[in-house]
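Asks: Got these off TrEMBL a minute ago, pasting:
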- 1-24: region 'Disordered' (REGION)
- 1-18: compositional bias 'Polar residues' (COMPBIAS)
- 36-56: transmembrane segment (TRANSMEM)
- 40-487: domain 'Major facilitator superfamily (MFS) profile' (DOMAIN)
- 76-95: transmembrane segment (TRANSMEM)
- 107-129: transmembrane segment (TRANSMEM)
- 197-216: transmembrane segment (TRANSMEM)
- 333-354: transmembrane segment (TRANSMEM)
- 361-381: transmembrane segment (TRANSMEM)
- 393-418: transmembrane segment (TRANSMEM)
- 439-459: transmembrane segment (TRANSMEM)
- 465-483: transmembrane segment (TRANSMEM)
- 513-532: region 'Disordered' (REGION)
- 522-532: compositional bias 'Polar residues' (COMPBIAS)
Amino acid sequence: MATGQNTEGDANPSQPTLDRTLADFDPVKKPKRNKFAFACAILASMTSVLLGYDIGVMSGANIYIQDDLKISDLQVALLVGTLNLYSLVGSAAAGRTSDRIGRRYTIVMAGAIFFLGSLLMGFATNYAFLMVGRFVAGVGVGYALMIAPVYTAEVSPASSRGCLTSFPEVFINSGILLGYVSNYAFSKLPTNLGWRFMLGIGAIPSVFLALVVIGMPESPRWLVMQGRLGEARKVLDKTSDSKEESQQRLSDIKEAAGIPQDCNDDIVQVQKQSHGEGVWKELLIYPTPSVRHILVCGIGIHFFQQASGIDAVVLYSPRIFEKAGITSSNDKLLATVAVGFTKTVFILVATFLLDRIGRRPLLLSSVGGMVLSLATLGFGLTMIDHSDEKLPWAVALSIAMVLAYVAFFSIGMGPITWVYSSEIFPLKLRAQGTSMGVAVNRVTSGVISTTFILLYKAITIGGSFFLFAGVATVGWLFFYACLPETRGRTLEDMEVLFGSFFKWRSALKDEQRKSAGGDNGGQIQMGTKAQE
């Protein structure tokens, strides 16, 4: 059909018609709109720097805090790990908050809360004061973690949603690297000042984020849910690849929100449920088969992301390198910076592959590499533990496997968790569904990071990584069996992929057969175009 249209265009002698056709598909307009969506995604995702910085800086700061405040290993574990549990408060509240006041102002709230938490930690005079600061910062982190991927998914066109929705993980990794650099930079200060500067300096980016986010547009899907169609139409025109896609996206969102297609007023009346009420009943008590499948996938991917041990490696990398035979504090911090640099580089690679290769191939390759590197790291650390003399080959192998593990994590498991969980939930359930995934993510992370010191003392540090390798293997099997590919789909077209758990492949084939035999228009065409 496309060939026939081109032929007609070439044969038509009418120059005005040809000019009008070229204007409709003006190549200059497409990058302009993509740049706007790109900028919105970057600004929203930058809130994830807050979590990354906290994770990275605490890995080094806890050593100096322990020396200065004379606290035990258990108190260190609680200090490091409980932020993830505190963030549950923020992620649980963020779903309802973002439905009430909007995605944009929820991002501003996240920055403001983290700012307060950073100041409290920086000025802490004792362990109890420090834990209060950790609680406040944790609430801010919970807000940021939930809202950044939701906003980015809702503002992105289907053709580049994978790339744009992976930005939160990019900025988490950037924040981790900044935290490591901060450790190294302030380690030269007196012990009682060094860790306070490390933690307190995190207040600076949160102020900047809160200011720049004010200039962002609101999520078009949230605007439609509030009946503000005129504003939503303007945002979609700016963030879509074409005028036709903008109209199609608005039509799909109106359908999902229960607004009649012939209703085109700038302001329309919406049902009370559009503000978030009744969602938990649809998610947990009376879910449809597709919602049940989506919920299992959304929670499962968040669980396995953290249960495979990433926070144990990132938060305790100085201790892991010490166990591997690096004794100099300076060398341990430099090796830790290398971990942060590796994570950041490989997450950038992932952003360019998500919309080209797809979610499933990257995820399965990533987790397979994680299993291999974790098992090899466990082997190397076990050999070092059971040897009375230094084994240079085992030390080198262990360091290489730590770097390989974070590289494999960053190229798939890290970003895809946020991309996948933010795009699969139906519009009405998206905020609360995503917040549930984030809650599971933070609980699992909190358990792992709080108990890691006790774990490796109980089963050896090599044994703990063998355990993580086993968990990652189970995760690979779960992903292979239950998670369908979502590349190129509009957000409103996701539910057709879910509902049959292990039989999703046959359901997808049936849908493709129906599409091939019948309708080849609008939405299917857009998805195909996005995949090319």
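Cβ from N, Cα, C; glycine included.
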Asks: I need to check the long-range neighbours of the transmembrane segment (439-459): which residues 6 or more away from its ends have a CB within less than 8 Å of a CB in the stretch?
Replies: 73-74, 76-78, 80-85, 87-88, 91-92, 142, 145, 299, 302-303, 305-307, 309, 311-312, 315-316, 319, 323, 417, 467
Asks: Across the domain 'Major facilitator superfamily (MFS) profile' (40-487), what is the average pLDDT of the model, as a whole number?
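Replies: Over the domain 'Major facilitator superfamily (MFS) profile' (40-487), the predicted model scores a mean pLDDT of 83.
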Asks: Counting only pairs 6 or more apart in sequence, are there at least 3 Cβ pairs under 8 Å between the transmembrane segment (361-381) and the transmembrane segment (465-483)?
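Replies: The answer is yes, given that the two segments have at least 3 Cβ pairs within the 8 Å cut-off.
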